[in-house]
């Protein structure tokens, strides 16, 4: 870095991509072991190594950006493009689930009784917990925008308050979704309705947990004065991701809960 004459970040060799890949392998293998052999040892090992990798990789990035100043405006521009492309890939990921749902529901086969929901399936009432979940996520979208505007204006206390409210709403959403799953009158093995419902809403729930983790990291970073009104891409990326999760839920609610029931 001593004689560098450009604005790009020359990254040092890092073990975290390798440990992250290995922990992902352990987690997926552990899930298979849990499903088929009722053993959670490999899954717990995978989750532990994944959490350790996340912590150490995040720590290194914070060190490089906040304390060493490697994240120049040029580097931040590249990171913005990267986050946008990542969110586009996630949109395509969820498009596959919506495709599966509409493929099955718009032309139900005789095996399903020629109707949707299939014969024998009692769908959830869209005006009960799902509607509450929708209002919770919409409220969290408002509070994350409040946090972002407070940060832009240099209002640290309001930013922390708004971010805390967003995290609390995200956790509340996850708890509501868990209770809904627990009380649902159908399971993932109840044909195409159960599988499309639980895979689509389950992956969305996973994204809410990931987004909440992202926001919790931002909360602790803000407590340590890591963000300024002009240098806060970590928070901006988390806010974009949260808005994406919000919009996907609206499509899920309208398609699967409301129209699909």
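Cβ atoms here come from the backbone N, Cα and C positions, even for glycine.
Per Swiss-Prot, the features are as follows:
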TOPO_DOM  1-15  topological domain 'Mitochondrial matrix'
TOPO_DOM  35-40  topological domain 'Mitochondrial intermembrane'
TOPO_DOM  67-72  topological domain 'Mitochondrial matrix'
TOPO_DOM  106-128  topological domain 'Mitochondrial intermembrane'
TOPO_DOM  184-190  topological domain 'Mitochondrial intermembrane'
TOPO_DOM  224-232  topological domain 'Mitochondrial matrix'
TOPO_DOM  257-261  topological domain 'Mitochondrial intermembrane'
TRANSMEM  16-34  transmembrane segment
TRANSMEM  41-66  transmembrane segment
TRANSMEM  73-105  transmembrane segment
TRANSMEM  129-152  transmembrane segment
TRANSMEM  156-183  transmembrane segment
TRANSMEM  191-223  transmembrane segment
TRANSMEM  233-256  transmembrane segment
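Across the topological domain 'Mitochondrial intermembrane' (257-261), DSSP assigns 3 helix, 0 strand, 2 coil. Stretch with the largest number of CB pairs closer than 8 A to the transmembrane segment (233-256), among 16-34, 41-66, 73-105, 191-223: 191-223. A Cβ distance under 8 Å defines the sequence-distant neighbours of the transmembrane segment (156-183), meaning residues of its chain 6+ beyond its ends; these are 124, 129-130, 132-133, 136-137, 139-140, 143-144, 146-147, 150, 198, 201, 205, 208-209, 211-212, 215-216, 218-219, 222-223, 225, 227, 242. Within its own chain, the topological domain 'Mitochondrial intermembrane' (106-128) has Cβ neighbours under 8 Å at 180, 184-186, 190-194, 253, 257-258, 260-261, counting only residues six or more beyond its boundaries. Look at the topological domain 'Mitochondrial intermembrane' (184-190): DSSP puts its residues at 0 helix, 0 strand, 7 coil.
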